[in-house]
(Lines of atoms letter the chains of each structure in order from A and count residues from 1; the text may use other names and numbers.)
(Lines give C-alpha, C1' and ligand atoms only; values in the text may rest on other atoms or scores of the structure.)
Protein backbone atom coordinates (compact mmCIF):
# COMPACT_ATOMS: atom_id res chain seq x y z
CA UNK A 1 0.00 0.00 0.00
CA UNK A 2 1.41 3.36 -1.05
CA UNK A 3 2.07 6.07 1.56
CA UNK A 4 -0.52 8.32 -0.09
CA UNK A 5 -3.31 5.74 0.30
CA UNK A 6 -2.23 4.98 3.88
CA UNK A 7 -2.32 8.70 4.71
CA UNK A 8 -5.81 9.05 3.23
CA UNK A 9 -7.07 6.04 5.19
CA UNK A 10 -5.60 7.28 8.47
CA UNK A 11 -7.05 10.76 7.85
CA UNK A 12 -10.45 9.20 7.12
CA UNK A 13 -10.16 7.13 10.29
CA UNK A 14 -9.51 10.23 12.37
CA UNK A 15 -12.20 12.25 10.57
CA UNK A 16 -14.89 9.62 11.14
CA UNK A 17 -14.23 9.54 14.87
CA UNK A 18 -14.17 13.34 15.13
CA UNK A 19 -17.46 13.63 13.19
CA UNK A 20 -19.16 11.19 15.55
CA UNK A 21 -17.77 12.84 18.67
CA UNK A 22 -18.81 16.34 17.51
CA UNK A 23 -22.29 15.50 16.18
CA UNK A 24 -25.68 15.92 17.85
CA UNK A 25 -27.64 14.42 14.93
CA UNK A 26 -28.07 10.68 14.61
CA UNK A 27 -27.41 10.61 10.86
CA UNK A 28 -24.13 12.49 11.25
CA UNK A 29 -23.08 10.16 14.07
CA UNK A 30 -23.93 7.15 11.91
CA UNK A 31 -21.98 8.56 8.97
CA UNK A 32 -18.94 9.10 11.18
CA UNK A 33 -19.09 5.51 12.44
CA UNK A 34 -19.39 4.15 8.90
CA UNK A 35 -16.49 6.27 7.65
CA UNK A 36 -14.43 5.06 10.60
CA UNK A 37 -15.22 1.41 9.88
CA UNK A 38 -14.61 1.61 6.12
CA UNK A 39 -11.28 3.37 6.64
CA UNK A 40 -9.79 0.76 8.97
CA UNK A 41 -10.76 -2.32 6.91
CA UNK A 42 -8.01 -1.88 4.24
CA UNK A 43 -5.51 -1.12 7.03
CA UNK A 44 -6.30 -4.43 8.77
CA UNK A 45 -6.11 -6.49 5.57
CA UNK A 46 -3.18 -4.73 3.87
CA UNK A 47 -0.78 -7.62 4.61
CA UNK A 48 -2.97 -9.94 2.45
CA UNK A 49 -2.48 -12.73 4.98
CA UNK A 50 -5.49 -15.08 5.33
CA UNK A 51 -5.74 -14.29 9.05
CA UNK A 52 -5.75 -10.56 8.33
CA UNK A 53 -8.45 -10.98 5.67
CA UNK A 54 -10.52 -13.06 8.09
CA UNK A 55 -10.08 -10.46 10.81
CA UNK A 56 -11.16 -7.59 8.53
CA UNK A 57 -14.22 -9.58 7.39
CA UNK A 58 -15.30 -10.30 10.97
CA UNK A 59 -14.71 -6.68 11.93
CA UNK A 60 -16.77 -5.44 8.98
CA UNK A 61 -19.73 -7.75 9.64
CA UNK A 62 -19.87 -6.91 13.33
CA UNK A 63 -19.47 -3.16 12.93
CA UNK A 64 -21.94 -3.04 10.02
CA UNK A 65 -24.55 -4.88 12.10
CA UNK A 66 -23.98 -2.50 15.02
CA UNK A 67 -24.24 0.56 12.76
CA UNK A 68 -27.47 -0.80 11.26
CA UNK A 69 -28.88 -1.20 14.78
CA UNK A 70 -27.90 2.39 15.62
CA UNK A 71 -29.61 3.65 12.47
CA UNK A 72 -32.68 1.52 13.17
CA UNK A 73 -32.96 2.77 16.76
CA UNK A 74 -32.56 6.41 15.63
CA UNK A 75 -35.30 5.95 13.00
CA UNK A 76 -37.62 4.44 15.63
CA UNK A 77 -36.92 7.35 17.96
CA UNK A 78 -37.51 9.85 15.13
CA UNK A 79 -40.87 8.22 14.37
CA UNK A 80 -41.89 8.41 18.03
CA UNK A 81 -40.61 11.91 18.84
CA UNK A 82 -40.28 13.62 15.45
CA UNK A 83 -36.62 14.62 15.94
CA UNK A 84 -33.11 13.29 15.30
CA UNK A 85 -31.30 14.80 18.26
CA UNK A 86 -28.92 12.47 20.11
CA UNK A 87 -29.74 14.14 23.42
CA UNK A 88 -33.48 13.33 23.18
CA UNK A 89 -33.74 9.56 22.97
CA UNK A 90 -37.14 8.87 24.52
CA UNK A 91 -38.47 5.68 22.92
CA UNK A 92 -37.80 2.69 25.29
CA UNK A 93 -37.27 0.18 22.47
CA UNK A 94 -34.85 2.57 20.75
CA UNK A 95 -32.95 3.00 24.00
CA UNK A 96 -32.51 -0.78 24.39
CA UNK A 97 -31.47 -1.22 20.73
CA UNK A 98 -28.96 1.61 21.01
CA UNK A 99 -27.47 0.09 24.16
CA UNK A 100 -27.01 -3.27 22.44
CA UNK A 101 -25.56 -1.62 19.32
CA UNK A 102 -22.98 0.41 21.26
CA UNK A 103 -22.11 -2.69 23.29
CA UNK A 104 -21.43 -4.54 20.03
CA UNK A 105 -19.35 -1.64 18.75
CA UNK A 106 -17.23 -1.61 21.91
CA UNK A 107 -16.97 -5.37 22.38
CA UNK A 108 -18.93 -5.77 25.62
CA UNK A 109 -20.10 -9.24 26.60
CA UNK A 110 -22.15 -11.06 25.36
CA UNK A 111 -21.34 -9.38 21.99
CA UNK A 112 -17.58 -9.64 22.54
CA UNK A 113 -16.70 -12.67 20.39
CA UNK A 114 -15.34 -10.65 17.49
CA UNK A 115 -12.70 -8.73 19.47
CA UNK A 116 -10.22 -11.55 20.32
CA UNK A 117 -10.42 -12.95 16.79
CA UNK A 118 -9.92 -9.58 15.11
CA UNK A 119 -7.00 -8.67 17.36
CA UNK A 120 -5.36 -12.05 16.79
CA UNK A 121 -5.52 -11.61 13.00
CA UNK A 122 -4.38 -7.98 12.97
CA UNK A 123 -0.80 -6.71 13.45
CA UNK A 124 0.11 -5.17 16.79
CA UNK A 125 0.03 -1.61 15.45
CA UNK A 126 -3.48 -2.09 14.09
CA UNK A 127 -4.46 -3.82 17.32
CA UNK A 128 -3.36 -0.72 19.21
CA UNK A 129 -5.71 1.39 17.07
CA UNK A 130 -8.60 -1.05 17.58
CA UNK A 131 -8.37 -1.12 21.39
CA UNK A 132 -7.78 2.63 21.81
CA UNK A 133 -8.85 4.97 19.01
CA UNK A 134 -11.74 2.80 17.80
CA UNK A 135 -13.33 2.92 21.26
CA UNK A 136 -13.59 6.72 21.29
CA UNK A 137 -16.59 7.17 18.95
CA UNK A 138 -18.89 4.56 20.60
CA UNK A 139 -17.86 5.76 24.06
CA UNK A 140 -18.65 9.35 23.03
CA UNK A 141 -22.17 8.27 22.03
CA UNK A 142 -22.51 6.34 25.26
CA UNK A 143 -21.40 9.35 27.28
CA UNK A 144 -23.87 11.58 25.41
CA UNK A 145 -26.78 9.19 26.05
CA UNK A 146 -25.74 7.77 29.43
CA UNK A 147 -28.92 9.02 31.13
CA UNK A 148 -31.17 7.72 28.34
CA UNK A 149 -29.82 4.22 27.77
CA UNK A 150 -31.00 1.10 29.57
CA UNK A 151 -29.31 1.22 32.99
CA UNK A 152 -30.06 -2.42 33.81
CA UNK A 153 -28.72 -3.67 30.46
CA UNK A 154 -25.52 -1.64 30.76
CA UNK A 155 -24.89 -2.78 34.34
CA UNK A 156 -25.49 -6.44 33.48
CA UNK A 157 -23.31 -6.31 30.35
CA UNK A 158 -20.59 -4.46 32.23
CA UNK A 159 -20.53 -7.01 35.06
CA UNK A 160 -20.55 -9.90 32.61
CA UNK A 161 -17.71 -8.31 30.63
CA UNK A 162 -15.50 -8.10 33.73
CA UNK A 163 -16.10 -11.82 34.41
CA UNK A 164 -15.65 -12.89 30.77
CA UNK A 165 -12.53 -10.76 30.38
CA UNK A 166 -10.97 -12.37 33.45
CA UNK A 167 -11.90 -15.95 32.59
CA UNK A 168 -11.10 -15.66 28.88
CA UNK A 169 -7.50 -14.57 29.41
CA UNK A 170 -6.56 -17.34 31.83
CA UNK A 171 -5.72 -20.07 29.32
CA UNK A 172 -4.26 -17.88 26.55
CA UNK A 173 -0.66 -17.85 25.39
CA UNK A 174 -1.08 -15.35 22.53
CA UNK A 175 -0.53 -11.83 23.86
CA UNK A 176 -2.99 -10.27 21.43
CA UNK A 177 -5.82 -12.43 22.73
CA UNK A 178 -4.84 -11.66 26.31
CA UNK A 179 -4.94 -7.95 25.46
CA UNK A 180 -8.36 -8.42 23.82
CA UNK A 181 -9.84 -10.05 26.94
CA UNK A 182 -8.19 -7.34 29.03
CA UNK A 183 -9.94 -4.73 26.87
CA UNK A 184 -13.27 -6.49 27.42
CA UNK A 185 -12.74 -6.44 31.20
CA UNK A 186 -11.81 -2.74 31.25
CA UNK A 187 -14.79 -1.85 29.07
CA UNK A 188 -16.93 -3.71 31.60
CA UNK A 189 -15.73 -1.35 34.34
CA UNK A 190 -16.60 1.65 32.15
CA UNK A 191 -20.07 0.34 31.26
CA UNK A 192 -20.84 -0.46 34.90
CA UNK A 193 -19.97 2.97 36.25
CA UNK A 194 -21.19 5.13 33.33
CA UNK A 195 -24.79 5.16 34.54
CA UNK A 196 -23.68 6.23 38.04
CA UNK A 197 -20.94 8.72 37.17
CA UNK A 198 -20.01 9.60 33.60
CA UNK A 199 -16.93 11.47 34.86
CA UNK A 200 -15.56 8.25 36.34
CA UNK A 201 -16.30 6.42 33.09
CA UNK A 202 -14.30 9.04 31.21
CA UNK A 203 -11.47 8.69 33.74
CA UNK A 204 -11.53 4.90 33.27
CA UNK A 205 -11.29 5.32 29.50
CA UNK A 206 -8.46 7.86 29.75
CA UNK A 207 -6.38 5.72 32.12
CA UNK A 208 -7.04 2.61 30.02
CA UNK A 209 -5.70 4.34 26.90
CA UNK A 210 -2.73 5.80 28.80
CA UNK A 211 -1.74 2.36 30.09
CA UNK A 212 -2.58 0.23 27.04
CA UNK A 213 -0.65 2.46 24.63
CA UNK A 214 2.83 2.06 26.21
CA UNK A 215 2.19 -1.64 26.83
CA UNK A 216 1.40 -2.27 23.16
CA UNK A 217 4.30 -0.06 22.06
CA UNK A 218 6.69 -2.05 24.26
CA UNK A 219 5.47 -5.30 22.69
CA UNK A 220 5.89 -3.79 19.22
CA UNK A 221 9.36 -2.50 20.08
CA UNK A 222 10.53 -5.89 21.40
CA UNK A 223 8.69 -7.95 18.71
CA UNK A 224 6.93 -10.01 21.39
CA UNK A 225 3.88 -12.03 20.33
CA UNK A 226 3.54 -14.91 22.82
CA UNK A 227 4.18 -15.50 26.50
CA UNK A 228 7.25 -17.53 25.56
CA UNK A 229 8.68 -14.50 23.76
CA UNK A 230 8.49 -12.53 27.00
CA UNK A 231 11.22 -14.70 28.51
CA UNK A 232 13.73 -13.32 25.97
CA UNK A 233 12.79 -9.65 26.35
CA UNK A 234 15.59 -8.97 28.82
CA UNK A 235 18.29 -10.25 26.44
CA UNK A 236 17.11 -7.97 23.63
CA UNK A 237 16.28 -4.87 25.69
CA UNK A 238 17.32 -4.97 29.37
CA UNK A 239 15.83 -1.58 30.25
CA UNK A 240 12.46 -2.36 28.64
CA UNK A 241 11.76 -5.59 30.55
CA UNK A 242 11.16 -4.11 34.05
CA UNK A 243 9.18 -1.21 32.59
CA UNK A 244 6.98 -3.61 30.63
CA UNK A 245 6.44 -5.65 33.79
CA UNK A 246 5.31 -2.55 35.70
CA UNK A 247 3.00 -1.55 32.85
CA UNK A 248 1.39 -5.01 32.85
CA UNK A 249 0.84 -4.83 36.60
CA UNK A 250 -0.57 -1.32 36.23
CA UNK A 251 -3.02 -2.56 33.58
CA UNK A 252 -4.10 -5.28 35.99
CA UNK A 253 -4.88 -2.68 38.65
CA UNK A 254 -2.22 -3.59 41.21
CA UNK A 255 -1.61 -0.82 43.78
CA UNK A 256 0.27 1.50 44.00
CA UNK A 257 0.45 1.76 40.19
CA UNK A 258 -1.76 4.04 38.08
CA UNK A 259 -4.15 1.30 36.96
CA UNK A 260 -5.41 0.98 40.53
CA UNK A 261 -6.77 4.55 40.50
CA UNK A 262 -9.89 4.13 38.28
CA UNK A 263 -10.82 0.85 39.99
CA UNK A 264 -10.41 2.42 43.42
CA UNK A 265 -12.62 5.40 42.56
CA UNK A 266 -15.19 3.18 40.84
CA UNK A 267 -15.52 0.89 43.85
CA UNK A 268 -15.75 3.92 46.14
CA UNK A 269 -18.57 5.38 44.04
CA UNK A 270 -20.48 2.09 43.99
CA UNK A 271 -20.19 1.79 47.77
CA UNK A 272 -21.36 5.41 48.16
CA UNK A 273 -24.49 4.56 46.16
CA UNK A 274 -25.21 1.48 48.35
CA UNK A 275 -24.22 -1.05 45.66
CA UNK A 276 -21.90 -3.15 47.80
CA UNK A 277 -22.79 -6.54 46.15
CA UNK A 278 -21.92 -5.18 42.69
CA UNK A 279 -18.70 -3.61 43.98
CA UNK A 280 -17.70 -6.88 45.66
CA UNK A 281 -18.40 -8.88 42.50
CA UNK A 282 -16.32 -6.48 40.38
CA UNK A 283 -13.44 -6.55 42.86
CA UNK A 284 -13.41 -10.34 42.97
CA UNK A 285 -13.71 -10.67 39.18
CA UNK A 286 -10.80 -8.32 38.52
CA UNK A 287 -8.57 -10.69 40.49
CA UNK A 288 -8.88 -13.09 37.53
CA UNK A 289 -7.39 -10.46 35.22
CA UNK A 290 -4.70 -9.65 37.76
CA UNK A 291 -3.74 -13.32 37.87
CA UNK A 292 -2.75 -13.58 34.20
CA UNK A 293 -1.00 -10.21 34.40
CA UNK A 294 1.03 -11.56 37.30
CA UNK A 295 1.79 -14.64 35.21
CA UNK A 296 3.07 -12.49 32.35
CA UNK A 297 5.10 -10.39 34.78
CA UNK A 298 6.60 -13.55 36.23
CA UNK A 299 7.70 -14.60 32.73
CA UNK A 300 9.53 -11.28 32.46
CA UNK A 301 11.01 -11.37 35.96
CA UNK A 302 12.48 -14.87 35.60
CA UNK A 303 15.01 -13.68 33.05
CA UNK A 304 15.82 -10.55 35.08
CA UNK A 305 16.68 -12.46 38.26
CA UNK A 306 20.41 -12.97 39.05
CA UNK A 307 21.75 -16.13 37.49
CA UNK A 308 25.06 -17.94 38.17
CA UNK A 309 25.56 -18.34 34.44
CA UNK A 310 26.57 -15.26 32.54
CA UNK A 311 23.95 -14.33 29.96
CA UNK A 312 25.11 -12.18 27.09
CA UNK A 313 22.68 -9.76 25.53
CA UNK A 314 21.52 -10.26 21.96
CA UNK A 315 21.61 -7.53 19.37
CA UNK A 316 19.99 -4.34 20.58
CA UNK A 317 16.92 -2.98 18.87
CA UNK A 318 17.41 0.22 16.95
CA UNK A 319 15.47 3.29 18.14
CA UNK A 320 12.33 3.97 16.14
CA UNK A 321 9.00 5.75 16.39
CA UNK A 322 7.64 3.14 18.82
CA UNK A 323 10.55 3.76 21.18
CA UNK A 324 9.98 7.53 21.08
CA UNK A 325 6.25 7.19 21.77
CA UNK A 326 6.99 4.65 24.49
CA UNK A 327 9.29 7.06 26.32
CA UNK A 328 6.53 9.71 26.25
CA UNK A 329 3.56 7.57 27.28
CA UNK A 330 5.23 5.23 29.79
CA UNK A 331 5.59 7.51 32.88
CA UNK A 332 1.86 8.36 33.24
CA UNK A 333 0.97 4.68 33.02
CA UNK A 334 2.83 3.79 36.21
CA UNK A 335 3.20 7.03 38.20
CA UNK A 336 -0.19 8.79 38.16
CA UNK A 337 -1.66 7.32 41.37
CA UNK A 338 -0.63 10.30 43.60
CA UNK A 339 -2.91 12.48 41.47
CA UNK A 340 -5.99 10.55 42.64
CA UNK A 341 -7.25 13.24 45.11
CA UNK A 342 -7.28 15.76 42.26
CA UNK A 343 -9.32 13.46 39.98
CA UNK A 344 -12.18 12.65 42.32
CA UNK A 345 -15.47 13.76 40.76
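Glycine too: its Cβ is placed from the backbone N, Cα and C atoms.
Among the ranges 117-137, 201-221, the stretch that TrEMBL annotates as transmembrane segment is 201-221. Listed ranges 72-94, 233-255; the one TrEMBL annotates as transmembrane segment is 233-255. Residues 103, 106-109, 112, 115-116, 118-120, 127, 131, 135, 139, 142-143, 146-147, 149, 151, 154-155, 157-166, 168-169, 172, 201, 204-205, 208, 212, 215-216, 251, 262-263, 266, 269-270, 278, 282, 285-286, 289, 292-293, 296 of the same chain, all 6+ positions outside the transmembrane segment (178-195), place their C-beta atoms under 8 angstroms from a C-beta of that stretch.
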